Amino acid sequence: MYELKENPYPMQPRERLEFLGEECLSDVELLAILLRTGTKKYSSLNLALEILQHFETLDNLRKASINELREISGIGLAKSIEIRAMIEFGKRIQTTNRKRYGQVLSSREYGLSLAFEMQNFEQEHLVATYLDGQNRIIEKKTIFIGAVNQATASPREILYHAIKNLSVGLLVAHNHPSGNLKPSQADKIFTTKIKKSCEDVGINFIDHIIVGAGNYFSFREEEIRK
């Protein structure tokens, strides 16, 4: 639970950040700086505390809509929009840091990148990534949105785009909104089918990755471990 502890320092959050560095500030202090001002009833620190206590975790705050933010006393439309913009900007910075654009270097790196990109998806998405001979990304395409058992019916559309792009390599990935990374029987059957289909047309099937809850499962890594 968040609480506003008595500040042993004579400095306000902005001054503390300037002289001590941002890593020394609490979540409440950092949010107070982003809010800039408080209200007649609350200081920026108290308002920041009210927000964090309301949503309980940073992850809940990250998912909060403009209307949900406006439910808090002192948070109007303008501040709600500013908070949403701040969250989205942070997301884009994090995406840049997590991912080397243009090339797949390993199942781990790409799996973690996809786990971040797909973490807010409430439905299952099947995504195909098409690569050239240097593992550079030619195209990343969402093939299907919905239940996996429907998405796994046929690899035909995946291979259609692979051939169209003159792809040398292929990765496929889908998310489990539940966060459970254990592959289902349908996942295993699909992996076998798409791998065989790639072999038939001379495309290197690199991996099938399952993502959820910020992590990933790699069929390729699992096979290597056996």
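Cβ atoms here come from the backbone N, Cα and C positions, even for glycine.
Pulled from Swiss-Prot, these are the features on record:
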- 103-225: domain 'MPN' (DOMAIN)
- 174-187: motif 'JAMM motif' (MOTIF)
- His174, His176, Asp187: Zn(2+) binding site (BINDING)
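Location within the structure of each feature annotated in Swiss-Prot.
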| residue | record | CB count, 10 Å |
| --- | --- | --- |
| His174 | Zn(2+) binding site | 25 |
| His176 | Zn(2+) binding site | 20 |
| Asp187 | Zn(2+) binding site | 19 |
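In the predicted model, residues of the domain 'MPN' (103-225) average a pLDDT of 89.
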